[in-house]
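**Q** Just dropping this structure here.
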Amino acid sequence: MTVENTALTLKKRFRGYFPVVVDVETAGFNAQTDALLEICAVTLSMDENGDLHPASTIHFHVEPFEGANLEKEALEFNGIRDPFSPLRGAVTEQEALKEIYKLIRREQKAADCSRAIMVAHNAAFDLSFVNAANERCKLKRVPFHPFATFDTATLSGLAYGQTVLAKACKTAGMEFDNREAHSALYDTEKTAELFCGIVNKWKALGGWPLIEDENEK
């Protein structure tokens, strides 16, 4: 494999990290006390030309953990009227996370990456809820880096001058249906599309692969 082809791999592009796009819907802003109600993850793959694309999607509605706080305003915002309704088909936090991590580990290994890194819109929020759920479930083998992320709010602010997901997507030339927004599944798919678009645009503009000094090869 040539130096250039080596650079056009997921492993090389993100310094050994395997990016996974995540979105959560919750019953408030406090990751320690408020319920995690929905989670979706989209893995990414890189084609032979070095362009990034969404790969696999995994999505769960989640049962509120025992004693979880449910803020009325948050439920109205995300449209989850009754978190305890059997019609949601919800699973426990542990079931959801274990299945998500199983998929991530499999695809991370196939990409020869050393660790997963979360990609999310306002990533600190999503990571805080995932980390809190990991602690509640006493999960030891967590694929995500505990604090490093790729935040598409920041990246889209740089690339498109917009930090709101809907506005960033529209500025990027993507379709965005506000009626579908605040569903973890829809928001994750759109965030994945946005992140891939930013990475691919940077490559198309000549930002990647880096031009290495001959003495460093």
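From the backbone N, Cα and C atoms, a Cβ is placed for every residue, glycine too.
So Swiss-Prot lists the following for this protein:
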DOMAIN    20-195  domain 'Exonuclease'
BINDING   Asp23, Glu25, His182, Asp187  Mg(2+) 2 binding site
BINDING   Asp23  Mg(2+) 1 binding site
SITE      Phe29  site 'Important for substrate binding and specificity'
SITE      Phe77  site 'Important for substrate binding and specificity'
SITE      Phe125  site 'Important for substrate binding and specificity'
SITE      Phe147  site 'Important for substrate binding and specificity'
ACT_SITE  His182  active site, proton donor/acceptor
**Q** Measuring Cα to Cα, how many Å separate Phe77 (site 'Important for substrate binding and specificity') from His182 (Mg(2+) 2 binding site)?
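**A** Given the Cα positions, Phe77 (site 'Important for substrate binding and specificity') is 8 Å from His182 (Mg(2+) 2 binding site).
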**Q** Sequence gap of 6 or more, Cβ distance under 8 Å: name the residues on the same chain that satisfy this around Glu25 (Mg(2+) 2 binding site), in order along the sequence.
**A** Leu37, Glu38, Ile39, Asn78, Ile80, His182, Ser183, Ala184
**Q** Could you round the CA separation between Asp23 (Mg(2+) 2 binding site) and Phe147 (site 'Important for substrate binding and specificity') to a whole angstrom and send it over?
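**A** Rounded to the nearest whole number, the Cα-Cα distance is 16 Å.
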**Q** Please report the Cα separation of Phe147 (site 'Important for substrate binding and specificity') and Phe125 (site 'Important for substrate binding and specificity') in Å, rounded to an integer.
**A** 11
**Q** Fewest other CB within 10 angstroms, which one of the binding-site residues Asp23, Asp187?
**A** Asp187
**Q** Between Phe125 (site 'Important for substrate binding and specificity') and Asp187 (Mg(2+) 2 binding site), what C-alpha distance do you get in Å?
**A** 14
**Q** For Asp187 (Mg(2+) 2 binding site), which of the three DSSP-derived states applies: helix, strand, or coil?
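**A** Reduced to three states, the DSSP call for Asp187 (Mg(2+) 2 binding site) is helix.
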